[in-house]
Structure formats: structure tokens, C-alpha cells
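Here is the structure we will look at.
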Amino acid sequence: MCCAIPSILHHPPTHITTPRRMADVYMKPGFDFSNSVRNEFLSGKGVKMPKATSTGTTIVGCLFKDGVVLGADTRATEGDIVADKNCEKIHYIAPHIRCCGAGTAADTEFTTALISSNIELHGLSTGRKARVVTAMTMLKQMLFRHQGHIGAALVLGGVDPTGPHLFTVAPHGSTDKLPYVTMGSGSLAAMAVFESQWKAGLERQEAIDLVTAAISAGIFNDLGSGSNVDVCVITADDTQMLRNYRTDNERAPKELRYKFRRGTTAWKHESIRSLVVDETVRPAGGDAMDTT
């Protein structure tokens, strides 16, 4: 007589779990937040966590009837120090596409230069004019792949056969497509100008004046923005770069002459007073020092 062996003997109990390897955690698809536990542990041990840095820039863009107008200030900072008073923040991508950069200067320059090269190769391989959305896709994929470690906040604008387009690309790769956009530390002041004055169907000069006013608002209300206003107008026919379109912070000439002869200093009157009125020398008391 034989008896049936329960099937539970052939299969391990379901409540017994095998230990997972650390590599299995990172092999799972999707987002990985395992480092958050490590970061909390390090913070509890007193490790100084990195802080978000200000982009220190005002960059804007808006659509008008025939194309796109981009604008940027010209101040570059190193912490609290103004490193460059007249830098260029509107970068070349293609003849019909430009990109304004805020954030780390090296990151914005090299990122836009790389995408510009890729757009040129894309045009050669496809045999047609590259679309603005193609440049936007390349930018967002590159920035998302680096998870925000590339400090580049971008405003991308251009005109292609499908019409004018305007995008913002955040350092982590998220994008927006809007009729008017602002980015950088002076973006709130610039956005206030757009929210109150922008309207659909702007003329060319109206759009230029609006962008100039938005950048000026960032310059005069944000310490990270300053100096001059650069404007770029992109239409289906051409692209016009207006360098130093407005210079509201020119150095004024000195009203007085401050140059004196070497070794002399100008004064109005001379007065000499003796600070020591009465001086008395008293010997210090105590035992004499033994010098033997």
C-alpha cells in the first residue's frame, strides 16, 4: 500500500523568502530611489548635503506673428562676484534655431555645442531641415540621462516648416511648450511683464520691446542678472542677432577729478596737536632679577 506524498514537500513554502542580492535592486526597471536611504544616513552623521545653486540669469522668449524673439542678460557671476559684464547667453544651434542658457556656464555652452553638432549631422543624414522639436528632444534626452547633474536650464526657440516653436528645458529633462517663457533667477520678474503685456499676434517690434522689458525687469530686480540686454529675432526668412540691444548700465563719467600729484593728498586745513600732555617714568617695584 502506497500513500501519496503531499505536494508541499516538493515545493518550498511560499512564506519563506530567499535573500536578495544588492545587484537585484538595481536591475529592476523604472526609477531607483535606493540612494535616498544612504543620503538620510549621511545627513544624520553630519555630512553636509549639497544645496541647490541659483542660476543667476534672466532668459526669456515669446512668440509673435512671424516667428520667435529670444532675450537674455549679459552678466556672468562667480558666487557674489561679477565675472563677466558682457557675456553671450544666446547660443547657436542651427541657422533657424537658437538656445538661451542659464545655470553653469560651461554646462550650457558645451551642451548647446554638442546638440548643434548633432543637429548638423541629423540634417546631413536626413537631407532636410532639422525641426525645432528634434533639437528639443535631443536636449531633454541628454539632460534626463544625467539626472540633473548638468546644470543647464534652457530656452529653445526657432522656426521650421511647421511654424514657430518655443520650449523650456529644465536641468532634469522636463520640457514645456508655451507662447512665452522665462527661466533663471530673474524669471519671476520677467514673467510678471509677460503676464501683464503679452498678447497673441504681436508685431515684430512689439515682441522685441516686450522681451527687452522682461529682461530689464530681471536685470533691475535680481542680483544675479545685470548689464545689457541681448535679443535674437528668428523668422522663416532669416535670423537677426541684436547684441547689446539695450545698455542701461553703462558706466557714467566721473563728475570730479580724483587724480592727485604723486606723494600728495589734498586737504582743506591743517591742525597739529600733541597727544602726550605729561609723561612720568616710575620704576617698577619688586625683587631684582638674579642674573648670576
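Backbone N, Cα and C atoms are what each Cβ position is placed from, and that goes for glycine too.
Automatic prediction, not curation, is the source of TrEMBL annotations.
Straight from TrEMBL, the features:
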ACT_SITE  Thr57  active site, nucleophile
DOMAIN    249-281  domain 'Proteasome beta subunit C-terminal'
For the domain 'Proteasome beta subunit C-terminal' (249-281), the mean pLDDT of the predicted model: 78
CB contacts for Thr57 (active site, nucleophile) [other CB atoms within 10 A, all chains]: 30
